[in-house]
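Since the structure comes first, as structure tokens, the remarks are kept for the end.
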């Protein structure tokens, strides 16, 4: 079955179609070549010329096709057809127009090979099957055998009559074999001529790196905003429940806790809608989008009454990108404190008086070891990542009786 599949299977048929497409694309170049060679050879005009005109037009058309293929947009069209019909993995082809001399020359080589081979196979596909059918019909057409033309070619001889049917079948098999071999040759050359150049590989690597950075940035945004909101809501709800369960319920404290929960969830829903909108549209996370230090007071209110904020210097002089990242660092620090410090008071101090923005956050160490997540979390790693991206540093760990988080970022 393998020889039959190789000649008439789906892959062979698609490659044959690829060759016929090449022959169709070659027709305009062949017609121009006929206009050039017809008057020179004086062999019957444009469509009635003999083999000299036909092969002359073929020889003139191929260089014309190569010149046209030097245009950048020739590669996307060739790649689309090759991906669909050649049976080669899609990732072995380059994307986008050909950039650079080397890529354009390789594209021109493919285009010329495709159209040149396609023209020959298309011509054989049009001419050979009718001729083979006529040959196989000889034993069943006495009028053709006994005609003057038949006697001239010796078609009335008995051995020719009995050889006509096998000869016609062999012609068709030979056509299928040549088409399959030519299609396999094209498929083998397609990745070499239409594959990515070193510049294409570099551009693809940069594109993948940008996409990975965008995904990481999106993950940080989700982790910081949603993680902080859940931790803050859990802390406020737990504090309100403990107050209500006590002997003297402080309704004012409960009201403040519920208000903080409301503000936190409303703000987080807005941020979540923004992130999900980016995912639906497939857009990248832009730098400089999101809350900055001007939203710090609202963040403190949502974190609860046991958070104290001290600011030294003017925060409005902090650059926008730094302001946004500093907000996220404070937000993540509060999330970690709420998650691990068991509701202990937190002090936050921002110093913007020097060339560096210094963020210091402290909370008393809990009596019991904090509960760790199975995956280890990524809060402190995210803080260090944000600081490092802006050329700064971040450190966290015990300092006496408190847990201290410090981040220093140049302005």
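Glycine is treated like the rest: Cβ placed from N, Cα and C.
Automatic, uncurated: that is what TrEMBL annotation is.
Since we're looking at a predicted model, the values are computed, not measured.
When the ranges 159-187, 188-216 are checked against TrEMBL, the one recorded as transmembrane segment is 159-187. Of the candidate ranges 111-139, 227-255, TrEMBL annotates residues 111-139 with the feature transmembrane segment.
According to TrEMBL, the feature transmembrane segment maps to residues 16-35, out of the candidate ranges 16-35, 76-95. Listed by sequence, the residues of this chain that lie at least six past the ends of the transmembrane segment (55-74) yet keep a Cβ under 8 A from its Cβ atoms are 25-26, 29-34, 36-38, 40-41, 97-99, 104-105, 107-112, 115-116, 119.
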